[in-house]
Amino acid sequence: MNVLGDNFAIKTVIMRGIASTLAGDALRMNDVEPVDMKKAMEQHETYYKIFKNQLQLNVIVLDADDSLPDCVFVEDPAVVIGQIALVTTPGHPSRRKECDAILKTLQSFKDIDIKIMKHIDPAANLDGGDVLFTGDEIFVGLSKRTNEAGIKVLEVAFPDFSVISISIQGSLHLKSVCTLGGRRKILIGSDETSTDVKTQIEKKSSVKYEFLEVKDIPCSANSVYLEIDGKPTLIHPSTTKYPLTGQVYKDLQNIRKIECDLSELSKVDGCLTCSSLLLTV
């Protein structure tokens, strides 16, 4: 059985700049709060510095493309596990050209075996935000952005891992309500959608996970888990913004914790995992 280990030993992070068109044109489920672009840029820079300066990783920052307002969210155009990368076909047509720059960047790594979803099945759609790799298996959200054909392509691309489909209702992506919080630990929301996801995971997986339930909004469970020189590390949302969830993070033991606020990007459905693509090469 595959377990957490080398697949989480991150060495390189791919990011992308924020398009000037994001505030007006980026996709969003609820058009309620305006995005403060200056603050969004500052928060994104802090996010970059966590990877580059605090964690001492190789960070590649691609130029923003103003014709692609969502391009900062590099998680969706590709899924990378170990030395295999699947370049996806995002569910929303406006996001599909984002894949071009991601593919070109991945091709610069000779050790990565690249699969291209549209070449395997032109009818397949999948957003990387629907894919939660736990080290043992892959959970994938069947959502508005990811279809059954996309899930089947994921199975083809990553044959060494079980791929488990999780139906998503009321949320954009699977990782909008749950992410990895450590070895066999899943951070998860407490609303109806999150509870349903938890029930499905418990029913469909043979692995026993510890669920860490957050009491603020579900996206406060979205954190970036990685291992640096064998040390578990978690980049998590602001404990000031989410005080109830903050206690969950404070209670985590034997893990390096780094707080990061991307609240401006959250106004266009962006969570912490959305703005980075993690590589082990």
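The backbone N, Cα and C atoms fix where each Cβ goes, and this holds for glycine too.
Keep in mind the model is a prediction, meaning the values are calculated, not measured.
Noted in TrEMBL for the protein shown:
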type: ACT_SITE; residues: His173; note: active site, proton donor
type: ACT_SITE; residues: Cys274; note: active site, nucleophile
type: BINDING; residues: Leu27, Asp70, Glu75, Asp76, Arg95, Arg145, Val268; note: substrate binding site
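Cα-Cα distance from the residue listed as 'active site, proton donor' to Val268 (substrate binding site): 13 Å (rounded to the nearest whole number).
Taking the C-alpha atom of Cys274 (active site, nucleophile) as reference, the shortest distance to any of the binding-site residues Leu27, Asp76, Arg145 belongs to Asp76. Other Cβ atoms within 10 Å of the Cβ of the residue listed as 'active site, nucleophile', summed over all protein chains shown, number 28. Within 8 Å of the centroid of the Cβ atoms of Leu27, Asp70, Glu75, Asp76, Arg95, Arg145, Val268, where the record puts substrate, the same chain has further Cβ atoms from Ala26, Phe73, Pro90, His92, Glu98, Asp127, Gly129, Asp269, Cys274. Listed binding-site residues: Leu27, Val268; maximum Cβ neighbour count within 10 Å falls on Val268. Within the set Leu27, Asp70, Glu75, Asp76, Arg95, Arg145, Val268 that the record links to substrate, no two Cα atoms are more than 15 Å apart, and one pair reaches that distance. Looking only at other Cβ atoms within 10 Å, the busiest spot among the recorded positions Arg95, Arg145, His173 turns out to be His173. Here the Cβ of Glu75 (substrate binding site) has 28 other Cβ atoms within 10 Å, regardless of which shown protein chain they belong to.
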